[in-house]
Amino acid sequence: MDLWNLSWFLFLDALLVISGLATPENFDVDGGMDQDIFDINEGLGLDLFEGDIRLDRAQIRNSIIGEKYRWPHTIPYVLEDSLEMNAKGVILNAFERYRLKTCIDFKPWAGETNYISVFKGSGCWSSVGNRRVGKQELSIGANCDRIATVQHEFLHALGFWHEQSRSDRDDYVRIMWDRILSGREHNFNTYSDDISDSLNVPYDYTSVMHYSKTAFQNGTEPTIVTRISDFEDVIGQRMDFSDSDLLKLNQLYNCSSSLSFMDSCSFELENVCGMIQSSGDNADWQRVSQVPRGPESDHSNMGQCQGSGFFMHFDSSSVNVGATAVLESRTLYPKRGFQCLQFYLYNSGSESDQLNIYIREYSADNVDGNLTLVEEIKEIPTGSWQLYHVTLKVTKKFRVVFEGRKGSGASLGGLSIDDINLSETRCPHHIWHIRNFTQFIGSPNGTLYSPPFYSSKGYAFQIYLNLAHVTNAGIYFHLISGANDDQLQWPCPWQQATMTLLDQNPDIRQRMSNQRSITTDPFMTTDNGNYFWDRPSKVGTVALFSNGTQFRRGGGYGTSAFITHERLKSRDFIKGDDVYILLTVEDISHLNSTQIQLTPAPSVQDLCSKTTCKNDGVCTVRDGKAECRCQSGEDWWYMGERCEKRGSTRDTIVIAVSSTVAVFALMLIITLVSVYCTRKKYRERMSSNRPNLTPQNQHAF
């Protein structure tokens, strides 16, 4: 059965579905509280260093600066059985964020000496840096299963302290010591540059590693006050990496590119990101900043930046039916075998105008490339930019091809595209587009239900967004009665729903989208003994679609603290008064299996136990023997068996000059001696060849 073409779904044309009947009871996984990492740990009675850092004795007074505390670019991990199922899925999603924005990768442990063991401990915590202890623990406990929390804890493991502990902290924030819980004042200490390196990156209020303003408070007043008041509600964000987080991480690990990112283009530069026009079409895509019939501005800047804001436009009003304009991306080289193409489309022409997405894939047998149609898009003109995702499965060198095709209908405008992003990630399964969004924030009418969607397994579902609260927006996932219910397993087992409020930044690497995941537990029961995720026709309440069709909706599962209204109005969550919520529901039942446990490789620590490397040298094993790998900089280095000797460019120059002078002096001496000996020998030879004039000969004359 084609899940996307079910008969009862076709006539649901409304984007917002608001039930006129009673809302079923929602289960709030956060208990109505917006708890940060430190609130969770404090509530558990944990007294960890800086709230979520586990220290060993050797680390208490030692720096983590130095290569020996770095992990390899591919980090081995184990997801322990103690982890909740939802946490396992969230951790894997967090790894995808690392791959998209950095060169850091993660792989299941295969016997490597050092690896990260992720388990459900008490609270959320990690050590800082690679402790080289073999199994290094990282806890994702109850209520820690948020993607940015996982990113935060893994940044600790990668070698990062909290942002507000850097040495220049007091230039940017004020610590209100009298408002801090007694005995927790040490969590606000700062550390010198020889303990924690800021990597020459400015102080970052937006860092995912920064405390919130309420951290360790003994009342209701903030413990941290930003010296620039605009950042008061910015610090402590738990959405995603900030730009500076990424800058520091990529510097620390010498990342020159990220793993799964492929391309991004907002057409701000005249070279249009290396895209090329086809010579075999009838028209061209034009780089413009506005079109009389729309759009009036690009999507990147929405007309807010004078002198910038461009997009590509195919004018279908000036060509004949069937005419095409073809724009091809630069050549791209895939590594993973799956990609997601994302872009915005504006149709100001006819609803019969069409955008076709092709892939031109190259091979040794076909150097011109094989053209394959991937997606045909026909859109009713709506007067706004529309977001699209297209799934690709390319394994060879390729180009993405955008073909605009003139339809049979009358056109006064054409097709426009902007903000293209391509990455080797999975596309979301569905997009919930909410127009005229700001009217719902804090309004009694701000309770919205999405259209019905289907998961890849065939489960029907809806999303409930509650914007009516004064300070926070809530989001909940509901199963609803659907066409496949007779063929599905009930209670619904281990389906993870990921709901992402999209940050519409033009570059996917700079987005800080807000994401929350929940997982259906088939064993979860309600107070009356029913299974929470049982068939909606059995446990749900009656509801109505906007066209009057009756269905049943199961209980909601989510959070009332999805995002604050203040954060919702920040960044590019709302753009052109449009909001996009990306939805993915996937089966994660395979994560129930125990990860294969292997025998650890021979310990490097054992082989290096009798080898002491000086000057931050790192002991490594080569050909079964321990040796020191010495530190080096741009103009200095350590050398010797134990890195005990220091060398520098200056020393080398001095040695080179001294050697040159010595050689010159030696050659001069040799030359002078040679000249002296030659002259002496010449005089002796001349003396022996001179005639012997005696007195007798003189008398002969």
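Cβ coordinates are placed from backbone N, Cα and C, and glycine is handled just like the others.
Copied from Swiss-Prot, the annotated features are:
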DOMAIN    62-256  domain 'Peptidase M12A'
DISULFID  C103-C255  disulfide bond
DISULFID  C124-C144  disulfide bond
BINDING   H152, H156, H162  Zn(2+) binding site
DOMAIN    260-429  domain 'MAM'
DISULFID  C265-C427  disulfide bond
DOMAIN    430-585  domain 'MATH'
CARBOHYD  S593  O-linked glycosylation site
CARBOHYD  T594  O-linked glycosylation site
CARBOHYD  T599  O-linked glycosylation site
CARBOHYD  S603  O-linked glycosylation site
DOMAIN    604-644  domain 'EGF-like'
DISULFID  C608-C619  disulfide bond
DISULFID  C613-C628  disulfide bond
DISULFID  C630-C643  disulfide bond
Same-chain, non-site residues whose Cβ lies within 8 A of the H152, H156, H162 Cβ center for Zn(2+) are I37, E50, D52, I53, S126, E153, L155, F160, W161, V208, M209
Sparsest-packed of the listed binding-site residues (H152, H156, H162) - C-beta count within 10 angstroms
H156
C124 (disulfide bond) and H152 (Zn(2+) binding site), Cα-Cα, nearest whole angstrom:
10
Nearest by Cα to C103 (disulfide bond), of the recorded positions C124, C144, H156, T594, is H156
Taking only same-chain residues 6+ apart in sequence, whose CB is under 8 Å from that of C427 (disulfide bond), what do you get?
C340, L341, Q342, H389, V390, T391
Nearest to C144 (disulfide bond) by Cα, among H162, C265, T594, C643 (recorded positions)?
H162
I need the CA-to-CA distance for C265 (disulfide bond) versus C628 (disulfide bond), whole Å please.
45
Have a look at the recorded positions H156, C255, C613, C628 and say which one has the shortest Cα distance to T594 (O-linked glycosylation site).
H156
Going by Cα-Cα distance, pick out whichever of the recorded positions C124, H156, C613 is nearest to C643 (disulfide bond).
C613
Nearest to C628 (disulfide bond) by Cα distance: which of the recorded positions C124, H156, H162, C255, S593 is it?
C255
Residue among the disulfide-bonded residues C103, C124, C643 whose Cβ has the most other Cβ atoms within 10 Å
C124
Rounded to the nearest angstrom, how far is the Cα of C255 (disulfide bond) from the Cα of H162 (Zn(2+) binding site)?
21
Which residue, out of the disulfide-bonded residues C255, C628, C630, shows the minimum number of other Cβ atoms inside 10 Å of its Cβ in this structure?
C255
C628 (disulfide bond) - helix vs strand vs coil (DSSP):
strand
